[in-house]
Ligand SMILES: C[S@@+](CC[C@H](N)C(=O)[O-])C[C@H]1O[C@@H](n2cnc3c(N)ncnc32)[C@H](O)[C@@H]1O
């Protein structure tokens, strides 16, 4: 009972502070979710929100459905995105359209990709009620499986569960664009912003920063969302670089995957592992018979820095006796490159992209190449 009173006063306070209509349907169960955010045990009907008279909807945790409701935060995101009146803006996960409606006021066109058709209905209704539907194009599909149309910039509060592959799709995809202003989970944003030597620096930052500059915009409190998530958020702006180093991206991803498999180990220790040398020997152009079968894995799938590039290799066949001599020679060659270049005692977590690019070029000169696992 006390909690209900507290919860209701909180909503009233939000109404007064922000001067916006109450959006919550205060139902029996909503008090529970108010307090706790999503219910971990029940991912189905978890929270009903009400967008004024324009529809109401239950939100799903599995789809990252956290609605950003603070108009001041929404305005700041749009302002910091520097949207031009001639722009086509790509928005991923528009939800019920709080951000979309603001974008439609400043951009020429908004293309929104939303997986949930219930959200699409509400979004189209809200845009139509304001006479903005002609400038809105909605694609009701999974953004990861959809080819993006041409766009000038991205502005989005994306579902956090797909941050890595989505950012990879933006920065390594074929579309050229000016910037991507994204609301991300705070921890993820910190990893993206991290520099060599920072504890959060990992392969995610290394790969993205090869092709883009990342700008911190602002932190956003979890209390600015409905329902209240467990984590805080941050807005960052990704600026694709005009001059990208000329490097084979597949090889770069495979190289950083190997280096960052243990980001705090020295490179000497990482590359001296028999298994690592064997994998490289098999994949190197010197012996790889299957060069054309290179497979590109998700470039960020080790962002938690777990050693998930450890291939499931049958130990018996890890280094067959006939291969032992060849492998030892190859490993000596790798270590020689590291020793003569002064990289043997260095740790990948402290190296800049320029240093990593230089090391890769030295490996290549010695005939050592990196590929993702051959199929
Ligand atoms: C964090 S909510 C953001 C909603 C809205 N933009 C806002 O700021 O309030 C994420 C939205 O992305 C949608 N979504 C989740 N996975 C998606 C996917 N793979 N492709 C497109 N949309 C997706 C969800 O349905 C949800 O509407």
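Any Cβ shown, glycine's included, is placed from N, Cα and C.
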Matching residue for the S-adenosyl-L-methionine site, where TrEMBL names 68, 93, 114, 157 - out of 82, 142, 198: 142
Most crowded position, judged by CB atoms within 10 A, among 114, 142 as binding-site residues: 114
Residues satisfying Cβ distance under 8 Å from residue 157 (S-adenosyl-L-methionine binding site), sequence separation of at least 6: 66, 68, 77, 93, 95, 99, 182, 183
Greatest C-beta neighbour count within 10 angstroms, which of the binding-site residues 68, 93: 93
